[in-house]
Amino acid sequence: MCAGFYVAVHPWLEAQSLHKVGHTGNLAARLHDGSYTTCFTDEWKYCFTLETSTKKDAQKIEAGVLYCAQFFRVKNKELVCLLPEKIKQLAEDVANCLDISYTLCDSPAYEMNDSTIVVEPSLPSDPLISKEKLRHLVITPVEDEEHFADDVLFFSTDETRTAIEDRLYQKEAANMGYQELRRSGRAILQMACRCGKTRVAYLILSNYLQGKVLYLVPGLSLLRQTLEKLYQYGISLKNVLLVGSDQTRIVLNHDNIEMTTNPVFIAKRIREAPSLLVIATYQSSTLLVDDFDLIISDECHRICGEWETRPFTHVLLNFKKGHRLFLTATPRYDTPLSMKNRELFGGVAFRYYLREGIEAGYVNDFELQMVAAPKLAHQPSTKEETTKQIIVKQIIMALAHLKTNITAPKMLVFTRDIKQAKELYAELVDQGVYALIAHSTLPRQVILKTFTEFCSSKEPVILLNCRLFQEGVEVPELNAVFFAAPRHSPRDIIQSICRPLNKQVQKPHATIFLPLEVNTENVCLDRFSSIIPFADALASEDPRFYEHLLNPSEVAYPINWIGAHGSVSELLQLARHAIRYGTQGKIDRLTRSERLPWKAAFAELKRTVEICCRYPKINDGFHFGGATLRFDTWYKWVIKSYLQYKNKEPSSLEPYQVSDLESLQDWTTRGVGGPYPWEESMAFLETWLAQNKGELVAIDIHQGGWIGLDATPMERLSGVLTTVSQRDGRSYGKNKKLRPKKGFMIPPQQAQDLDRIFGKHNLKWRKDRVNGFLKEDEHGNYTGEPTCIQEAYRTFKEYVKTNPEYIEKYWPGYAKGKHKHQELPHIWEKGLAPPRYKAFKDGNKQLIQRSPKKKDIKN
């Protein structure tokens, strides 16, 4: 007799995707006893068994499986509504956690004879198991929806294969990702959906194929898809190991390969192979051993969540070896275990925006349609019923809008939960709308049938669900998505938006519908609160949308309003105002430094450096998307964040942004340190005085030296000593009122440097004081003995008239106005310099063009 845990199936149960879970001391006889044959036909069979040494061990596995699958168990029955592969993986995980030895048998047939029919001794109905040990294995409905979404792709859609091409951005992503891996051992590639992350991963892992590589994916279908792509790229199957619970053989041309979940075989293969590529599901990752040179985590936002060991976090939290590459379109930052943790995830080494993919032609474009709240003929008695009736009408309005351009549109409706999906479905069907519903509590065959019906429909059709098709499932013909409930997670929002963005020949733009509690009679900013998280998420992926929010008259965007009886333009203006300033309408949320689109702001910084040959000045302005901004504010934020990053402190900058900055000329010296470096200038001053017999000769403390990257040492020293002269003994404020004890404003260390250097030559650099205040007349003019700096400035002014050769040698371009305008002459004359930012007391801001003919370019 053989004891064991089993999962059995009967055609009557299989039709409902139900599977019988049990344990027995006699696997050969179990399916032939009365409890199986009295009410069912003789068609029972095992899906799989875990043979154990004792019946008690088998009972513990059963109890553990039923505990972990509690959300998918039929009440008071040992029936579970999960895929057999899912139950198998769960059973093995339970057995491993409980330290129970077993032998896995797939679809076994045990020989039945008279000797096998034995009355089994009864065991306590509730064996003692450590639920704490198994808590991380509990399957939640949300997790299963995502898992099912991964698997349904394989059964339901065929991906269109295209010729292999290395796009320019893919090469750049691979290079930057690999360099970051070599630098820090961890890197994130954030690339929009459908933009070729797998190809980039292949280009990177090619550098590690002499060793061992692990490629983790969140589901069986993605495992197959990843294998197919890597095979297409040139990976040989002889050095590939697939770890997953689907035993179906995969055939690729003349090659074939199978998955496995045999822990002994897996460990032996990994340890003994000199080179190996392992492709595994996160769910099977507990079977792996820590011996990889590179670990790639695809769709890595799935790892985030609670800080606990579970299949999705097993490798991240427990493996110590190897570099880590994380791939995602939507990083997750809102959970205890999040991608903000740079020790675990590293930083973003490369980013490719959704808008870039659209403009390059790899992703379908889309329009936004906000849907006004319609008036109800009869007011329901409850708020919940009112909301439901309004959303139903808004869904019908959205479908009608699609039908004006598309014969048989398909629309996904994302709901708050399964309860809302059921309620909306019932109401839509009652009103004659062709609607379908799919969610994780339905039998799998029903879901697949519904999904197939939706995909193949030749009529306008709606499919309601909560999270089932939020990501992973591709519907090439999908035309629109409708958010029946607000979403707050940027990840959820962007993944949902991307569902209808498959690129197909002659496919019209997709539509994203956002229902609002707004009509022409109840317009107020609070009514727009539900779209603010949506707008924030979209603006981070689509710089054009961000610019449109700042100035719609200059930057067009496909956004409109349906169901409004008033002025659509006024309603859109209110919506944009709520998004930009919040529902209180007070603070400009979009122009904070960290919100400015990096590519646009960095492009202006790069232009200033490469064209103007300098870094930004304090009063440089920036005109972006209709906003008048002081560029120095963003520039200072960048420097602060850069220094935090280099000091390994929490920083807002990602590695790819740091790489951008360090690509600029003299970034670490002039960009971070400023145009007038103190130590460098003091070294030059000390050498100069030694070579010129202690004479400063001439110095310009009026124009402030020259801030350009090509500045001479004397020009930089002029800037430093201009600052010293301005700070030395400033005792008056702007309104000429005395400010006691605020006289000497030079930092002590810098004062010591000046004392030491000038003191060697008995030169006086400090201004005279009386009782701590400068010697000044009633008009604030200095009346003390001139300092060596002031005397050198007098000489400079004389040399401008009498010794122009000397001036040109040490202050080249002075005669052409370079120092006066702090711009290269040709930059000034052609108006290429950044505009000057000016703020007025009334709150208005102005950018004034720097050129021979000053003119306002923006009020």
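Cβ atoms are placed via backbone N, Cα and C, with glycine included.
Per Swiss-Prot, the feature ATP binding site maps to MET191, ALA192, CYS193, ARG194, CYS195, GLY196, LYS197, THR198; the stated evidence is sequence analysis. If you look up Swiss-Prot, you'll see 178-349 marked as domain 'Helicase ATP-binding', on the strength of sequence analysis. Residues or ranges marked as domain 'Helicase C-terminal' by Swiss-Prot: 401-553. Summarising the annotation, Swiss-Prot assigns motif 'DEAH box' to 298-301.
Note: the ATP site is recorded as MET191, ALA192, CYS193, ARG194, CYS195, GLY196, LYS197, THR198; in the same chain, ALA329, TYR352, GLY357, TYR362 also have Cβ atoms within 8 Å of that site's Cβ centroid. Each of the binding-site residues ARG194, LYS197 was scored by the number of other CB atoms within 10 A of its CB, and the lowest score belongs to ARG194. Just so you know, the Cβ of MET191 (ATP binding site) picks up 23 other Cβ atoms within 10 Å once every protein chain is counted. Cβ neighbours within 10 Å of THR198 (ATP binding site), excluding its own Cβ and spanning all shown chains: 20. Secondary structure of the motif 'DEAH box' (298-301) per DSSP, as helix, strand and coil residue counts: 2 helix, 0 strand, 2 coil. There are 22 other CB atoms within 10 A of the CB of CYS193 (ATP binding site), with all protein chains counted. For CYS195 (ATP binding site), the Cβ neighbour count at a 10 Å cut-off comes to 22, with all displayed protein chains included. Most Cβ neighbours within 10 Å, among the binding-site residues ALA192, GLY196: ALA192 holds that distinction in the structure as shown. Classification of LYS197 (ATP binding site) by DSSP places it within a helix.
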